[in-house]
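Q: Below is a structure I'd like to ask you about.
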């Protein structure tokens with residue numbers, strides 16, 4: 001087993017946070033139906049959260065123990081790099097813009113920004129890759145699998161209908 | 001003789017052969033993309049093929065089903081992102097194999113073994129369907145509960161460095177599974193007054209987040225790491241390595257048949273249980289499990305493929321769906337004027353053998369398509385990460401959105417992605433979380449059904465459990481595994497020796 | 001793959017071809033309350049293709065499950081009332097108010113068509129120690145709590161039927177809840193429950209195969225598909241006031257949808273539902289083909305709500321009183 005893995009920054013806090021969350025969940029499960037019956041909706045959640053509390057306690061205990069005997073400095077590399085933070089911010093922005101801007105526009109912006117950040121190729125090359133990828137994804141999901149992706153500002157269904165009228169003729 | 005004639009219908013009609021081939025081919029890619037599911041593809045085909053002949057529609061659907069269950073392994077091996085729930089267990093040892101530069105051989109082996117599993121499933125369907133379905137029908141709520149508990153013991157195999165962390169993750173997963181309106185009483189659980197939470201948290205969203213997004217975030221820290229050069233000189237596995245795996249693959253295929261034939265339990269649980277079985281029974285793997293053991297790849301791939309054939313057993317004999325996909329097959333038969341139910345085999349015997357024939361042909365195509373084109377497919381891992389990572393993220397978002405056409409699932413997916421990333425960093429495995437989510441409802445509902453049936457009496461619950469042969473066997477298996485195989489015993493032994 | 005693709009694209013393109021500026025100008029969206037493969041899903045996917053031809057546009061169908069259909073219902077209500085978003089649902093919203101699942105029901109929608117109604121029938125495991133309704137009452141009363149009856153949760157068809165029967169006779173059974181009538185039937189065949197109030201459409205094949213035995217039909221007349229099974233009113237005429245009662249499937253749009261769009265949709269789906277193939281499908285499965293719309297449909301919905309709400313309320317499984325919402329007693 002990998003018991004030699006050195007501790008990462010923030011691991012203690014994560015362990016304590018897990019414990020706190022599990023206690024809240026135990027309390028919430030009790031709130032569902034109390035100890036009314038073995039078959040009550042809250043019985044299984046209560047059992048699970050109790051197990052989770054116990055597990056978290058053991059983890060915290062292990063962390064404390066390890067703190068006492070810790071001598072190695074180990075891997076102190078921060079968990080999140082600057083690139084990571086920027087990329088996460090991009091993801092967040094993408095998620096928030098998905099509905100107001102629509103799938104096509106927001107995905108285009110996200111892919112461009114993401115690839116410029118991580119790939120650092122030329123703008124034209126990136127643009128080409130992004131447009132190709134978007135076209136494939138749009139055809140597969142929207143046209144073949146009929147997933148109605150958020151439309152946002154681009155009136156896709158009208159454009160599709162207009163294209164249809166153009167090629168299909170009135171029927 | 002008539003059976004053979006029906007069996008060959010799809011073999012002799014070039015159009016049907018083409019549909020099966022096209023379905024299998026499309027299925028591999030549908031299955032490989034996380035977020036495009038076989039269930040989704042097949043349900044769209046229902047209205048799309050409404051005006052078709054029933055045989056044509058069925059051939060296309062069978063092809064997609066067979067290809068799709070297999071296809072999930074591709075992305076699980078190459079990117080550590082399972083294409084679907086059936087391939088979660090495949091990622092555990094498949095991805096480490098790719099990390100060692102053996103992706104080509106891993107995919108080749110998974111293909112051959114999937115086909116082996118597929119044929120075992122078909123054989124069970126063709127030869128023993130009525131008796132297997134009677135056996136499956138005999139499962140009482142408490143038996144489903146025991147089976148699910150057997151599944152949850154897998155946490156011991158998936159926990160990684162610390163059992164405590166595995167237990168925390170597993171319990172957390174089960175709690176996620178209970179969110180929403182309780183399916184039995186419509187009571188709100190962990191909804192915090194939000195209507196969006198009524199239908200619960202989609203476990204596919206959790207899966208895509210915990211595997212896909214967390215993997216992307218994880219890779220961001222290792223942008224400089226050069227992609228592993230893949231050795232593609234050998235795709236078709238050596239006969240000797242196939243033969244070595246054959247005994248194991250037949251055993252795990254049997255697990256796939258048994259679990260797959262149960263109504264409401266599908267290939268995902270079968271694959272996980274088979275993985276666990278392989279890990280417990282393989283004495284000396286060449287490579288330890290979790291670091292690229294071939295046994296850990298073969299077991300889930302054979303089991304989820306044999307579960308495909310097995311899921312048709314309750315469907316064709318009783319009109320009961322074996323899993324989500326066969327539920328849609330039932331709808332398709334219904335729309336095309338056949339009445340799926342116990343009379344189907346008697347009134348429409350050709351349907352049974354036609355489907356068996358189609359499954360066989362689809363598996364043959366799977367072998368062909370699975371072993372060709374691997375070289376191109378494997379290139380995925382050689383795409384620069386700067387391009388690959390944003391694309392994976394985009395696909396995860398679209399996939400999560402497509403589940404229910406709602407942005408809520410996208411937020412959940414991203415949230416669990418970030419959580420999964422931190423969990424991985426701190427030595428918690430994400431596997432137990434997914435396991436918990438999958439098994440949560442099975443345990444919760446069946447425990448409650450069982451205890452309601454016994455009128456809330458624990459005494460008669462245990463009394464009946466110990467007198468029913470099936471329940472007793474399951475119960476003893478749970479006890480034996482709990483005592484002998486999990487590290488519990490090891491801990492106890494060590495504690496004892498320390499005490500001495 | 002390629003063929004599928006071309007076929008799909010051309011289907012989209014062709015079906016998108018129609019005169020501009022007239023409803024529908026673009027593709028429609030159909031929101032199905034229940035999951036893929038369920039009876040609501042299958043009925044909707046069967047009736048829609050022909051309606052698409054008449055409308056000249058595709059209807060993209062999506063399953064939005066959860067909260068006994070409440071999620072889908074709320075979603076359609078929140079969309080613009082322009083007729084482009086259809087709610088394809090079952091009877092459930094008519095009990096949301098009393099079951100505490102929100103303050104919405106079908107009075108917030110305009111019915112396009114109510115396609116069909118199911119007839120409930122009590123079925124029993126073949127090993128059950130009775131063969132008819134009188135025998136069942138006698139056995140259940142002699143062995144209180146021993147007989148397990150399948151249920152699909154409060155407000156589901158089995159719970160309403162049980163409530164209806166209990167308004168006439170005392171039936172002390174243990175209700176075991178399942179996720180839907182499919183799993184409940186499986187449990188019935190496997191003997192986990194001995195009795196189940198099911199919809200005839202879902203039980204008919206199992207009855208024909210002798211896997212389960214029919215006890216009594218919950219209707220005011222016998223049915224052609226099961227001519228030997230008595231209707232419950234033959235022995236219990238006091239139930240007449242609740243019947244006919246049964247779960248239904250319907251297509252709806254939001255309340256303020258323009259008249260023109262409603263008329264066009266009614267024409268399309270109404271014609272499609274009259275098709276021989278669809279009628280046959282409903283008949284074979286034991287559904288009563290209805291295809292009613294307008295005032296007739298609204299009356300049906302009101303009556304259904306009143307019967308069901310009061311039954312579940314009187315049986316003590318409802319959270320709210322129907323009186324709070326002005327639902328009259330039947």
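Positions of Cβ are set from backbone N, Cα and C atoms, glycine also.
The following feature annotations were taken from TrEMBL:
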- B:15-46: transmembrane segment (TRANSMEM)
- B:18-435: domain 'DUF112' (DOMAIN)
- B:106-132: transmembrane segment (TRANSMEM)
- B:144-177: transmembrane segment (TRANSMEM)
- B:197-218: transmembrane segment (TRANSMEM)
- B:315-338: transmembrane segment (TRANSMEM)
- B:350-374: transmembrane segment (TRANSMEM)
- B:386-404: transmembrane segment (TRANSMEM)
- B:410-440: transmembrane segment (TRANSMEM)
- B:461-483: transmembrane segment (TRANSMEM)
Q: Have the transmembrane segment (B:410-440) and the transmembrane segment (B:197-218) got at least three CB pairs under 8 Å, pairs 6 or more apart in sequence?
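A: In this chain the transmembrane segment (B:410-440) contacts the transmembrane segment (B:197-218) - 3 or more Cβ pairs sit under 8 Å.
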Q: Go through the chain and flag residues at least 6 beyond the ends of the transmembrane segment (B:386-404) whose CB is under 8 A from any CB in it; none is fine as an answer.
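A: Same-chain contacts beyond the ends: 33-36, 40, 79, 81, 199, 202, 204-205, 208-209, 212-213, 215-216, 219-220, 223, 380, 410, 412-414, 417.
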Q: Please work out whether the transmembrane segment (B:315-338) lies in contact with the transmembrane segment (B:144-177), by counting C-beta pairs under 8 angstroms that are 6 or more apart in sequence and asking whether there are at least 3.
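A: Answer no, regions not in contact.
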Q: Can you give me the average pLDDT across the domain 'DUF112' (B:18-435), rounded to a whole number?
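A: A mean pLDDT of 87 is what the predicted model shows over the domain 'DUF112' (B:18-435).
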Q: Select the range from B:15-46, B:106-132, B:144-177, B:350-374 that forms the most Cβ-Cβ pairs under 8 Å with the transmembrane segment (B:461-483).
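A: Per the Cβ count, the answer is B:144-177.
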